[in-house]
Amino acid sequence: MADYLISGGTGYVPEDGLTAQQLFANADGLTYNDFLILPGFIDFTADEVDLTSALTRKITLKTPLISSPMDTVTEADMAIAMALMGGIGFIHHNCTPEFQANEVRKVKKFEQGFITDPVVLSPSHTVGDVLEAKIRHGFSGIPITETGTMGSKLVGIVTSRDIDFLAEKDHTTLLSEVMTPRNELVVAPAGVTLKEANEILQRSKKGKLPIVNDRDELVAIIARTDLKKNRDYPLASKDSHKQLLCGAAVGTREDDKYRLDLLTQAGADVIVLDSSQGNSVYQIAMVHYIKQKYPHLQVIGGNVVTAAQAKNLIDAGVDGLRVGMGCGSICITQEVMACGRPQGTAVYKVAEYARRFGVPVIADGGIQTVGHVVKALALGASTVMMGSLLAATTEAPGEYFFSDGVRLKKYRGMGSLDAMEKSSSSQKRYFSEGDKVKIAQGVSGSIQDKGSIQKFVPYLIAGIQHGCQDIGARSLSVLRSMMYSGELKFEKRTMSAQIEGGVHGLHSYEKRLY
């Protein structure tokens, strides 16, 4: 018998791979392409993988995906789409406070349970008022009360069916002449549960269901469109009022307090303090201010890349941390400022420290593929923030343009001179608003059209689930537990290994991801 054969079965398995602790034990800075995760044992299907993960101490998402607060990535359309698919979007602040607050308001109004502050008109208003409300708010199903306010006696409702075929000369017609009167309405009594109200609405086949008290006064309304959204987007991120979750970015200067007030009034659920280097007296002071004035508001600090930076913000009271410095595709901070850290190392080091205090970590930057998302989550990140990966989608701000026959959208770093020249908010992010000479920490560019994130994000979700399946983790919490226990094994990649792991040896090929 050959001396290399083992008797007694296959109980012996040699140690293979590195634990995360061993991977990051030396002083080398590693990023996502520098290592791989070794596969585990599969005893479940990919669609069984639970992607629920914490955004902050008190907010949990069903999908660990976040859109970055950049002016070429996230405004209302992106934030709505991200929330519908289980993630969240952060509205950028390279704009006026009023514009930003209005974008948050659009997200919060997109889907609601009981709508307690709907647009209400009186019988003496005109058809023109309804059309104006439709332009401003995007809908025309408007309840009519005696005084045109909530809490007043319900007398009817105006829908698009009542006014669709009216000529322009009829825009001065009073609503009392065109509305559907109270005696033809289906209503529900105050105190009804949302589930019961939705059942009544389904049976009635109406577009809106007014909720009235025993004096027939309007107290709320629910919309049929929200029923459809519930059916079509089961993973949607919602608050306790069944409105979509929405985040917003603010700076750390004194005038940002006014912006913060408007954002909280608009209904923002979480605030991210937007700074390229978060370990500053300015950010610590702003965290203290927010926690004192708005104790219910969740605050994400950052950006940080070391445990020492994280400590100061955790001590200040942040509910989450944003990790990354100079690793974004449009960021040149490491090149210009000589500061930063490779993103793989940054995520692991900060997450390993912050978890001891129950503070979730967002991996922000350097995400180029769905594999990078899986690696970031495997290193301890609870969620992943994306900029370039979501840029040039239909929902991203900006207009498409063509160059050499390719459909493109502009994408720029918030530290680029383009962004700084648009608004001082992006200058504050890099502590340069008072400088005579602006030091760019980002570039402007363009990205090829990716289509709608309604297709792209489901691809990312499925990719994460398949990655976790190959690893042998049924959920993201299991994935992190495997990493910290040492069960999850990694391996460094040489440059040759990275080339081998990509497409190679072909004369030509087409790379279709979804």
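Cβ coordinates are placed from backbone N, Cα and C, and glycine is handled just like the others.
Positions annotated as active site, thioimidate intermediate by Swiss-Prot, on the basis of sequence analysis: C331.
Residues or ranges marked as active site, proton acceptor in Swiss-Prot (evidence: sequence analysis): R429.
Taken residue by residue with DSSP, C331 (active site, thioimidate intermediate) is part of a strand. In this view, C331 (active site, thioimidate intermediate) is surrounded by 24 other Cβ atoms within 10 Å of its Cβ, with every protein chain counted. Annotation comment: Swiss-Prot describes G326, G328, C331, E500, G501, G502 as K(+) binding site, evidence class sequence analysis.
Taken from Swiss-Prot, the feature IMP binding site covers S329, D364, G365, G366, G387, S388, Y411, R412, G413, M414, G415, Q441. Of all Cβ atoms in the protein chains displayed, 28 besides its own lie within 10 Å of the Cβ of G365 (IMP binding site).
Annotated domain 'CBS 1' per Swiss-Prot: 114-173, in sequence order.
The domain 'CBS 2' feature in Swiss-Prot is assigned to 179-237.
Residues annotated as phosphoserine in Swiss-Prot, with similarity to another entry given as evidence: S160. Reduced to three states, the DSSP call for S160 (phosphoserine) is helix.
Long-range neighbours of R341 (omega-N-methylarginine) (same chain, six or more residues apart, CB within less than 8 Å of its CB): G29, V305, T306, M325, G326, C327. Residues or ranges marked as omega-N-methylarginine in Swiss-Prot: R341 (among others).
Long-range neighbours of R355 (omega-N-methylarginine) (same chain, six or more residues apart, CB within less than 8 Å of its CB): V361, G380, R480, Y484. The omega-N-methylarginine annotation in Swiss-Prot covers R355 (among others).
If you measure from the Cα atom of G387 (IMP binding site) to that of G501 (K(+) binding site), you get 25 Å. The average pLDDT the prediction assigns to the domain 'CBS 1' (114-173) is 83. If you measure from the Cα atom of E500 (K(+) binding site) to that of S329 (IMP binding site), you get 23 Å. Fewest Cβ neighbours within 10 Å among the recorded positions S160, S329: this applies to S160. In this structure, the binding-site residues G326, G328, G387, G501, G502 were compared by how many other Cβ atoms lie within 10 Å of their Cβ, and the smallest count belongs to G502. Residue with the densest Cβ environment among the binding-site residues Y411, E500: Y411, by other Cβ atoms within 10 Å. For the pair G502 (K(+) binding site) and Y411 (IMP binding site), the Cα-Cα distance reads 26 Å.
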